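What TrEMBL says about this one:
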ACT_SITE  B:69  active site
ACT_SITE  B:72  active site, nucleophile
ACT_SITE  B:290  active site
DOMAIN    B:61-297  domain 'OTU'
SITE      B:257  site 'Interacts with free ubiquitin'
SITE      B:259  site 'Interacts with free ubiquitin'
SITE      B:286  site 'Interacts with free ubiquitin'
SITE      B:291  site 'Interacts with free ubiquitin'
């Protein structure tokens with residue numbers, strides 16, 4: 001039942017997008033990306049709970065934008081270096097998606113992206129589906145984007161407003177990083193926090209002094225991530 | 001554990017403000033100035049530093065200021081080199097620099113860089129190299145006319161690019177020099193050129209990792225060192241970076257060191273070059289923490 005509704009939703013979405021002359025190249029994206037995401041989860045879980053699946057679909061359809069509507073933007077604005085580079089970041093994410101992360105520009109603005117990071121297997125964050133937003137400026141890739149967790153997060157290096165304390169997004173940013181590199185770095189930060197420069201001191205303290213309680217709090221935000 | 005009053009974001013915002021202030025108060029590359037300006041600048045200094053500057057003014061009559069934004073070595077070296085090739089380079093030197101630039105992207109990709117993430121920097125770099133060496137700019141590898149990147153098929157039978165008759169006419173050189181200066185002062189492109197010089201430096205470190213490992217401290221691997229100290233904009237360089245970039249481009253460079261240590265009243269000149277090669281034709285002035293371009297009398 002569920003997979004049927006998934007396919008029908010996808011195909012109606014794809015047909016709708018085909019009318020956008022400039023974006024027809026991206027039609028396979030929703031299908032392939034979602035299938036990857038779906039397969040990733042099938043592989044990482046032996047059993048998929050009903051509530052998890054439904055919240056998962058809800059999340060995909062409500063946040064993943066599928067296709068940037070290129071025809072809504074003047075072509076001239078598309079051709080700045082930052083925008084051209086973001087198109088290539090997007091193409092790379094489609095053609096060669098890293099495991100457990102996914103992202104795409106929002107419907108009408110290539111400078112603002114939504115992304116999802118899956119909690120790495122074998123960590124307290126396992127099974128979490130964490131949403132993030134990425135905001136780029138015309139200085140990209142000379143300057144990093146502003147990246148924030150939209151989903152609730154409990155982590156020593158994540159501020160209350162979702163802001164992330166990660167060196168490569170700040171003083172160690174390199175213009176050779178792309179969106180795929182950013183998302184995979186954040187994914188590895190989840191299980192490799194740096195408690196010495198805490199953005200959330202409660203999380204840092206629990207991480208160092210009471211792992212059991214720390215994992216309990218993390219489990220709570222993992223479950224919360226399914227319901228968003 | 002008390003949470004600190006300043007978040008990383010405050011620190012970064014502060015750093016950005018300082019950077020913007022520096023940007024507002026200094027050009028990326030200045031017009032040439034007489035070196036006597038330096039003596040006036042340090043009128044109050046009565047120490048060995050001023051003696052060393054006096055020594056510099058006796059050998060070099062002018063200099064260009066380069067913005068002190070952490071990229072000054074790369075920017076100074078890049079501009080001084082291109083200007084030198086344009087005006088005094090031999091046909092062979094110019095051709096070598098051009099061919100090396102065109103071949104460099106594939107070498108960096110072989111070192112593990114993702115091609116499309118270095119493409120824009122490469123394009124800006126070959127543009128200035130073509131200007132200085134009398135070659136046409138190579139065609140772009142991707143077509144963005146529809147907004148979507150499409151690889152451009154290169155015609156295998158097309159003629160190799162032709163260099164203009166060398167040396168270029170005085171008029172042509174003057175025009176090209178002003179174009180070069182305009183590009184080096186135009187920030188998005190200027191930063192891209194500087195960044196590509198960083199990538200060439202990092203590429204040379206990685207290609208010769210065994211040699212450079214001995215110079216790297218803190219137990220870092222060559223790759224980690226590059227990610228921290230070379231591939232990051234505004235990260236200042238040390239002598240080992242100069243060795244690497246000079247070797248990567250196969251261009252010797254002279255650095256004239258001035259500081260206030262009073263063991264000598266003369267500026268120390270160090271030539272970064274392979275043994276047995278001709279003396280450097282590019283000279284840079286080092287004052288603690290900063291590089292500018294020097295022109296010999």
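Any Cβ shown, glycine's included, is placed from N, Cα and C.
Among the recorded positions listed (B:72, B:257, B:259), B:257 has its Cα nearest to the Cα of residue B:286 (site 'Interacts with free ubiquitin'). The two recorded residues residue B:290 (active site) and residue B:257 (site 'Interacts with free ubiquitin') have their Cα atoms spaced 10 Å from each other. Recorded residues residue B:257 (site 'Interacts with free ubiquitin') and residue B:291 (site 'Interacts with free ubiquitin') have their alpha carbons 9 Å apart, per Cα-Cα distance.
Annotation note: residue B:69 (active site) sits in a coil segment as assigned by DSSP. Summarised as a single figure, the pLDDT of the domain 'OTU' (B:61-297) averages 93. Here the Cα atom of residue B:259 (site 'Interacts with free ubiquitin') is found 18 Å from that of residue B:72 (active site, nucleophile). Of all the recorded positions listed here (B:69, B:259), it is B:259 whose C-beta has the fewest other C-beta atoms within 10 angstroms. Other Cβ atoms within 10 Å of the Cβ of residue B:291 (site 'Interacts with free ubiquitin'), summed over all protein chains shown, number 24. When Cβ atoms from all protein chains are considered, those within 10 Å of residue B:290 (active site) total 17, not counting its own. Under DSSP, residue B:259 (site 'Interacts with free ubiquitin') is assigned to coil, being neither helix nor strand in the three-state scheme. Sparsest Cβ environment among the recorded sites B:257, B:286 (other Cβ atoms counted within 10 Å): B:257. The distance from the Cα of residue B:291 (site 'Interacts with free ubiquitin') to the Cα of the residue listed as 'active site, nucleophile' comes to 6 Å. Cβ-based neighbour count (10 Å, all protein chains) for residue B:72 (active site, nucleophile) stands at 25.
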